[in-house]
Amino acid sequence: MPEETQTQDQPMEEEEVETFAFQAEIAQLMSLIINTFYSNKEIFLRELISNSSDALDKIRYESLTDPSKLDSGKELHINLIPNKQDRTLTIVDTGIGMTKADLINNLGTIAKSGTKAFMEALQAGADISMIGQFGVGFYSAYLVAEKVTVITKHNDDEQYAWESSAGGSFTVRTDTGEPMGRGTKVILHLKEDQTEYLEERRIKEIVKKHSQFIGYPITLFVEKERDKEVSDDEAEEKEDKEEEKEKEEKESEDKPEIEDVGSDEEEEEKKDGDKKKKKKIKEKYIDQEELNKTKPIWTRNPDDITNEEYGEFYKSLTNDWEDHLAVKHFSVEGQLEFRALLFVPRRAPFDLFENRKKKNNIKLYVRRVFIMDNCEELIPEYLNFIRGVVDSEDLPLNISREMLQQSKILKVIRKNLVKKCLELFTELAEDKENYKKFYEQFSKNIKLGIHEDSQNRKKLSELLRYYTSASGDEMVSLKDYCTRMKENQKHIYYITGETKDQVANSAFVERLRKHGLEVIYMIEPIDEYCVQQLKEFEGKTLVSVTKEGLELPEDEEEKKKQEEKKTKFENLCKIMKDILEKKVEKVVVSNRLVTSPCCIVTSTYGWTANMERIMKAQALRDNSTMGYMAAKKHLEINPDHSIIETLRQKAEADKNDKSVKDLVILLYETALLSSGFSLEDPQTHANRIYRMIKLGLGIDEDDPTADDSSAAVTEEMPPLEGDDDTSRMEEVD
């Protein structure tokens, strides 16, 4: 490129400036930030300090394995420099800095995954302070700034300047100003009505509120004036210097005035002679004050820490705008030493189960030195919503990711963290209201834990809450269910489905409800995976009411009656199986139906209808498994239902009656739908129903219709076998 060949002393800087357009979503976000009124604009400073802290974390982590990375600047700090004259606020850090490519990509041309989600949240009325959670905190600078300049130096690149007034584009150029060594300087050119953020008191207030627990010194630079007593000679010297400065700044018309002042001073000198008088002058100086001297909160005694302090630390750690729901602060001593401070947020993040998201939100420290915040081995994935810090005394400072994977120390820390998290959830469960909030947000995590963590499955199962056929609008634990079980009840009965109403009205729960047996309603897709692993609770087996072999508490008389019904309908079962062929594995007399004529159940080890629906929705499903697992369907018939009884009579009177076949297929397809399955050929089923409607309305099938296209559809309908006998069809209804 031509600009690369130009030397710095060539006055061709304009050609070195490159202009880029903001990516559409980012431009939209900036427009939203600039043109909407937000009352809590102060969060911009929290976001920029947080970004600086992240940059410092990165260079410190790199320096652990390669100390030469800090040759460009050993001190790791953040400086805040307000300038009232220029109306600028500058945030400087000695972090990792950005290359030219980083500047272009990170600040404008590549949208983060959270950009769109944040805009949707904002438009839905969410608070602007959520911005950091979506990874787009930098743009909050435009809440207070009309123009932002970013000067940055990375060890692997030259010093560059990025600049934008948010007009849909930004510029990047090589920076020829004062060399930075390494790091990033964000200069905010404040709007006229936002000068409060140049006030010392206001900056201190914001840092204390949002950033006092940042792990690097945050220093405020403020220009102040003080009185200084000096002798006349020194005062004159100082005044001369000031006059020199004025000479440079003022135009030529000011020159005589300056000369007059000088001659006056000479006269004064003559009058005073050798007398040396003391004189007070105003001296400007830069005051530096560290704003976050607070000791790391996790190293303090939990008894000395207030809820407010925990809340402030949680907010500074997570950029959350709400308080935490629960906190666990503990230390482990003995062979292994570490301290941990864990928080449960009030709500799940928008991308909780996204694969691209980092696997956990716990910062790992070694002897108060930050190491990393995305150590996957620190906590299992199902606890990825837990926020906090872990500070180990035993891990080496220069530990690498590879070493962490093999570290026995880390395995012990992980085991302890999981144990303490489960303790925290159990404590939370004692407060019904708070646990309800927790469970609404994180029930999927608990269920994922049951699927993945065999060691803690029992403890996790105690945290489960479900609606049941007897609980109304309240969710109950498995322990509550067990205390309400009937005397002769051996199993915990459950049904899986899409909604509470759907499973409550299901044919599968009819007889259980009639007998006063409580059924658990599992209505989240993850419940299917959860119960695959959770076989029993407190010695009671979990039994799906939609699978074959359902055993209900029965007395001898009921068993005898059931056997008689099986014998009576044995022939009909055989005929139905022959008609349905491979569609079902078998046809049996049901002991679970009361008002429905029939239902489809699955084999003990096959998928339920709900699981089949979930698996069909998987984009990367294995069709061979689909065929194997989904094929095991059993048709159960209700021997007490008039439709089934009449069908038995028809079949026994004339087993070659052609209407029987069509009715059996219609019953099977309807049972598929009512049992939660989908039809392979819905149109054929619909045509059968239309034919039934015609018969019910007494319309002659051969009647010509006004619309030729309708006639064509009628021709394609599958014929109702034996439809010459309409009266027999009506008899079944």
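Note that Cβ sites are derived from N, Cα and C of the backbone, with glycine treated the same way.
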Motif 'TPR repeat-binding' per Swiss-Prot sits at which of 64-73, 454-463, 724-733?
-> 724-733
Return the member of Lys58, Lys112, Ser454 nearest to Lys444 (N6-acetyllysine) in space, with distance defined Cα to Cα and candidates limited to these recorded positions.
-> Ser454
To the nearest whole angstrom, state the Cα distance for the pair Phe138 (ATP binding site) and Lys459 (N6-acetyllysine).
-> 42
Intrachain C-beta neighbours of Asp93 (ATP binding site), sequence separation six or more, cut-off 8 angstroms = Ser52, Ser53, Ala55, Leu56, His77, Ile78, Asn79, Gly183, Thr184, Tyr216
One should report the C-alpha separation between Ser642 (phosphoserine) and Lys586 (N6-acetyllysine), rounded to whole angstrom, as 21
Given the model, what does the mean pLDDT over the region 'Interaction with FLCN and FNIP1' (285-733) come out as?
-> 83
Lys490 (N6-acetyllysine): which of the recorded positions Lys84, Lys112, Tyr314, Lys459 is the nearest Cα neighbour?
-> Lys459
Candidates Asn51, Lys58, Lys84, Ser454, Lys459 (recorded positions); nearest Cα to Lys586 (N6-acetyllysine) turns out to be Ser454
Let me know how many other Cβ atoms fall within 10 Å of the Cβ of Lys84 (N6-acetyllysine).
-> 13
Rounded inter-Cα distance in Å - Tyr314 (phosphotyrosine), Ser454 (phosphoserine) | 31
